[in-house]
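The structure appears right after this line, and notes come after that.
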Amino acid sequence: MALPVAEWQARTARLWAALETAVKERMATASLHDAVRLGCDLLREEEAALRRLCHRARTAKELEAASWYREQGNREFKRGQYQAALRLYSKAASHELPGSPEVSVCFANRSAALLHLGHFEVCLEDIARAESHGYPDRLLPKVLLRKAECLLCLERLQEAQDILRVLESKIALDGVMTTHLTRLKKLSQLKVKLGEKERCPEPAQEARGGIQGEPEVWEENSRISGASSSLSLRFDAERGRHLVASQDIVPGQSLVKEEAFVSVLCPGDSLPVQDGDTAWDTRATNADLYCHRCLRQLLASVPCQGCSYAKYCSQDCADMAWQQYHRTECSLGALLLTLGVFCHVALRTVLLAGFAEVSRLVEWSHHGDKNLQNAEARCKPLSDAGAGSRGIPGCGSNGQYQSSYQALFHLLPHTEQHSPEHKFLCTLSVVAICKQLQAAGLEAAVLNQESPQWSKPKTYEKTSDELSPELKTVAEAMLRHMLQLQCNAQAITVMQELGPGDGAVVDKKPVRLATAFFPVLSLLNHSCCPNTSVSFSGTAATVRASQPISSGQEVLHCYGPHWCRMRVAERQQLLSQYFFECRCRVCLEELESGVKSMVSIRNSFCCPKCQAQMQGEENTLCCSNEACATSASRDHLSGRLQELQQQIKKALELLRVGKADQAIKMLLKCQMDAGTFLSPEHLLMGEMEDHLAQVYATLGEWQEAARHLKKSIEIVEMHHGPSSVEAGHELFKLAQILFNGFAVSEALSTIQRAEGILSVHFGPQSAQIQELQEMKACLSELPRNILQRT
């Protein structure tokens, strides 16, 4: 959730409504500096209510929760549900106290699940964690046997034999353990004799490393950090800072590679606990699945030692996060979850920047903000060395634009254009964080983020209700960043598998993983018909050209509303949050011509009698075929559409629980119903074809699955274009189906098409490209006579 929880938004709205007119006017016109000071006075009566809201976000360690999660993990383990057990043991470990025997048991239990899942290297890491946290000596033989088995499967035979010798020297084992030890000793002897002839399965993370794509050619720009030398930075009063091509650019060419200056994991949805329910949730959210620092997918998380919320992919990530920001954030977890991701990003930004730099720029802004609106003062070309503050905002004194806090600080907050109510909500939220920092004794931790040359501020005598001048400076910077995020927040997305992910055909969709500041990426202006594509790997963003860009042409990015996905009126409405009216080519064409957009035509209702398009702006729609003249209520047809979507959801739920035959019947019925009132090109028609392909693939009916998916691809290409990323994902699924169905020649040609599209959007090193290349290599190794017959 980007903004605070609904209850806090409602409370601040009521408080705003109750304010005197004079106070509202002061807040509406206040500078960031004055807004913070006004917010300090107005927050007092709401602090108790905010504390009550924070009690719902449980981020402290709870031993009762640890015990409950461990029991649930044991139950899933006994049922053979090792993936579920793995996540439950991780939840248990996050609630245990560091260094306790209980946390060592969690790691040991988790190592057993990892062994069954074939993650041998990670299993060894968990065993080492269990030992380092004081795993009980009486239970040690069990994990040592597990360690030996992992080493055998990894073919580290000498180490496995050493472990077995240690076990032999232990005190007498019971009969069951002795039997197990004997089995492992025999297996070890067999492995030594067989050598390379008998191999156990490779660890999951090492199983797919054989094929590498071609390395990308990259020459970095000497003036813009992380940008290609084929770009240059420009400024004008209408478009502000923007990037243009300094030479002709081809599709797939990398234009920007940038690490986020700051990123915060979006926690994911969690349903409220009902009366009588347990206080703990077994479902996995983003907070359980991804590292809270580097955003890598978690397998066996390393929990924070102070809270139950933050989880990391390694001890190194945990240590770096603690040093950089988490030592300050750790005890504020419940408050940060209550006040939303934008507030969290704002706090982490100032912690990473350091108080010295924050203070310098905030002080500068008190005198320099007027110059930010002065086009003549900002319009110096980047080549003017030493332009400094007189050049393009965000550039250093050497005329270079770095992915730095200075560049981030110069992103426009649009203070005057935000609604007074929104500005009030943001102000009270950042002031609440700074008051909590002060009350928790964390002020020194915030102020010690500075460079060594910075001297510690003098002690400020204050009442418990008043913020120190330093924390008011922090609050002012945070408020600036929170307002900036509405126009400059970048969603880091990841392709996430739908369903268990253990089928022959893996369906994925993009989900929002984190919110971040990318100073260089923020230079790209919006177009509803962009010429770039953005992809992410962890906290790094890569911008690639999605179509040819001529020298001198502006490089453009889509902020969300794309012309293929919605009508111009809907796009303009969504873009209003960015405080500009889009005047891109497709918007102007649709607005000036008055012609109905292809999105409306393709996603239209059709006549139930003659299947011609239904048209009309009011509730009553009429058939476009004059000879038919059938009319229907828009509300009635919309109701049928919603009912159809619910039936499709039920069909997919049947598939999820293994009732594929029933799912097919329901989807085919949905398809027949849809044909009576939806355009044949409607996106939902394509989605149903995709779902049918998925069900038939589950049953191993590859030809039928391919037939339906090809129909889906036709509709996707109509809406999004044959070179779109959506078409690439559909072709990737078709390649999987044809590969599994042994349709060799068609699979090879589909792989080639999918590679061509996906490499433009994601680059040659992406996971999907690697998988396509592995399929191609496998098919190419088949005997020539088979290739000729298929």
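Glycine is treated like the rest: Cβ placed from N, Cα and C.
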Could you check which of 74-101, 354-381, 634-661 is flagged in TrEMBL as coiled coil?
634-661
Mean per-residue pLDDT in the domain 'MYND-type' (291-330) works out to 95
Using DSSP, how many residues of the domain 'MYND-type' (291-330) fall into helix, strand and coil, respectively?
16 helix, 5 strand, 19 coil
Report, as numbers and ranges, which residues of the same chain sit near the domain 'MYND-type' (291-330): CB under 8 Å and 6 or more residues beyond its ends.
58-62, 65, 86, 90, 93-96, 98, 110, 114, 119, 122, 125-126, 129, 263, 265, 336-337, 344, 347-348, 351-352, 437, 442, 445-446, 492, 494, 513-514, 538-539
